[in-house]
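J.: Feature annotation from Swiss-Prot assigns S-adenosyl-L-methionine binding site to Gly49, Gly50, His51, Asp68, Leu102, Asp116, Gln123.
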Amino acid sequence: MATTPPPADAPRHVPVLRDRCVNLLAPAIEAANLAGRRAVVVDATLGMGGHSEAMLTRFENLHLIGIDRDTQALDLSGARLKPFEDRTDLVHAVYDEITEVLDDLGFESIDGVLMDLGVSSLQLDEAERGFAYSYDAPLDMRMDTSRGQSAADVVNSYSETELVSIIRRWGEEKFAGRIANRIVAARAEKPFAGTGELVEVIRKAVPAAAARTGGHPAKRTFQALRIEVNEELVVLERAVPAAVDALAIGGRAVVMSYHSLEDKIVKKFFSTGVTSSAPPGFPVELDSQKPELKTLTKGTEVPTEAEIAENPRAASARLRAVERIRPRRTS
């Protein structure tokens with residue numbers, strides 16, 4: 001296992017599916033401009049600001065609200081977006097707090113929202129954050145390092161039953177029982193402090209045949225711990241409805257997910273919005289029962305070979321987008 005991260009002077013980060021995301025949001029931004037008002041778009045997972053930079057560069061009248069729970073990301077994106085500081089509001093918050101953020105800034109509705117879910121390149125590449133299993137680091141995994149329990153807290157304090165549950169549920173790991181058992185046995189000797197020691201315990205718990213064919217043996221467990229530490233799926237279940245509710249008529253929501261658990265949540269909510277709420281077989285569809293959203297993507301879209309070549313981390317991305325076509329249903 002490597003003990004140091006990649007060099008700090010690595011090539012400039014290329015946002016996942018940048019052009020496709022911007023193109024999906026473009027009609028809503030342009031429609032606002034044609035209506036004589038400044039479009040407002042929320043980048044709900046700002047990260048290093050690459051998607052926001054692309055939008056602000058392309059649309060000179062756009063006002064962008066960037067939200068991130070990671071203060072380091074806000075600092076870096078703030079520097080990147082400094083040329084546009086008169087058209088941006090960058091906010092330290094979790095993206096399920098979008099309603100409160102908009103209220104605080106005085107915006108009643110927005111024309112677009114972008115969510116790029118999961119862990120960011122910044123978090124993966126910063127060794128001391130503890131997100132990666134490829135090199136040793138403190139076992140942290142918090143997206144907001146100023147609050148909340150760390151991954152070390154989870155592996156050292158959760159019962160074996162609780163560990164089995166989260167590793168199986170959030171990591172979809174079929175060897176969850178073996179891994180949890182080994183973790184509990186190892187921590188009885190010495191509490192976990194670093195990612196390296198956890199990786200070694202997981203490696204020994206996963207059968208050799210499975211380790212040879214299923215990718216890195218720690219991948220699913222690390223995903224589970226990260227989701228648990230940051231309450232990612234709980235946040236997502238609140239964030240998607242809040243973001244879509246904030247859309248003006250013609251506004252668009254673009255969401256990129258990276259594993260099936262995220263995509264299922266997004267798919268379920270979008271499917272409800274694009275479907276009539278009238279009872280099956282009911283002879284009349286009231287206006288209040290008509291779909292409030294329109295699908296912009298054919299199911300879930302995946303990256304092209306060219307997009308993966310531009311950013312290999314795009315390989316697992318799944319993209320969904322909708323447009324608000326009617327006011328929000330109230331019942």
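Backbone N, Cα and C atoms are what each Cβ position is placed from, and that goes for glycine too.
Distances, neighbours, how buried they are, the whole picture for these features please.
T.: Long-range neighbours of His51 (S-adenosyl-L-methionine binding site) (same chain, six or more residues apart, CB within less than 8 Å of its CB): Pro15, Arg18, Cys21, Val22, Asp43, Leu114, Asp116.
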J.: Where among the binding-site residues Gly49, Gly50 do you find the Cβ with the fewest other Cβ atoms within 10 Å?
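T.: Ranked by other Cβ atoms within 10 Å, the binding-site residues Gly49, Gly50 bottom out at Gly50.
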J.: Do you know which of the binding-site residues Asp68, Asp116 has the most other C-beta atoms within 10 angstroms of its C-beta?
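T.: Comparing the binding-site residues Asp68, Asp116, the most crowded Cβ belongs to Asp68.
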J.: With DSSP assignments reduced to helix, strand and coil, which class does Asp68 (S-adenosyl-L-methionine binding site) get?
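T.: Where Asp68 (S-adenosyl-L-methionine binding site) sits, the three-state DSSP reduction gives strand.
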J.: Restricting to the chain of Leu102 (S-adenosyl-L-methionine binding site) and a gap of 6 or more, list residues whose Cβ falls under 8 Å of its Cβ, or answer none.
T.: Val42, Ile65, Glu108, Ile110, Ala246
J.: With H, G and I counted as helix, E and B as strand and the rest as coil, say where DSSP puts Gly49 (S-adenosyl-L-methionine binding site).
T.: coil
